[in-house]
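> Please find one structure pasted underneath; my questions will follow.
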Amino acid sequence: MRPNNRANNQVREIKITRNYTRYAEGSVLIEFGETKVLCNATVEESVPRFLKGQQQGWVTAEYGMLPRATHSRTQREAAKGKQGGRTMEIQRLIARSLRAVVDLKALGERTVTVDCDVIQADGGTRTASITGACVALYDAMNKLVANGTLKTNPMKGLVAAISVGIVAGEAVCDLEYLEDSNAETDMNVVMVQDGRLVEVQGTAEGEPFSHQELLTLLDLAKQGISQLVEAQRKALAE
């Protein structure tokens, strides 16, 4: 029996609150059950040095966890003087996922940075970050259209992400922390709205998984992501 009696292909309750903070061009609080992430998108009228003169924009991301997002206090990375490898890996994943749905040429020579700050962690923080960041980015792009900076929104669609895994011999979708910490196989899947893959990160924590189990997990991820995309569309329509 899963936590909260969820079916194996059922995601947690998803809540997307737009315009959550005052100043960011796009601001979203996303909740995957008890996992809560604040995603703020900022537009800057410049690009990184390697893109100067290329007539295109850039989308990047930063990721962090508040000290008491977890069961016990985690020291701020700023206090340590450097980012951890996990943090850098996750923020690069978020940025790659977002760029998959943006026409960077249409964005022009400007940069959008999406800051994803985990307020509370109960598994799936990177997948919640990607899903919420997409909505925040969409809102930021719409503001560029509304103020006349851009003629059309340069986003080509929506992107979302979900965790899947094998827990107690069963393939399940959208793992909570308790499930994640006991998973025999743990996988994060990123897809665009039509089901095409952006990234798959999968690891066997114990017993290796079979090719058939991989296909089962990818199918489960597609079912979960379709639920997330529907939640994104519903939020953007409000």
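Glycine residues also receive a Cβ, built from the backbone N, Cα and C atoms like all the rest.
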> Based on Swiss-Prot, name the residue from R73, R76, R86 that is recorded for the same phosphate site as G124, T125, R126.
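Swiss-Prot lists G124, T125, R126 binding phosphate, and from R73, R76, R86 it also lists R86.
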> List the residues in the vicinity of the phosphate site, defined as same-chain residues other than R86, G124, T125, R126 with C-beta within 8 angstroms of the site's C-beta centre.
Y63, I90, V118, A121, G123, T127, A128, S129, N188
> Have a look around R86 (phosphate binding site) and count the other CB atoms within 10 A of its CB, chains all included.
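Cβ-Cβ neighbours of R86 (phosphate binding site) within 10 Å number 11.
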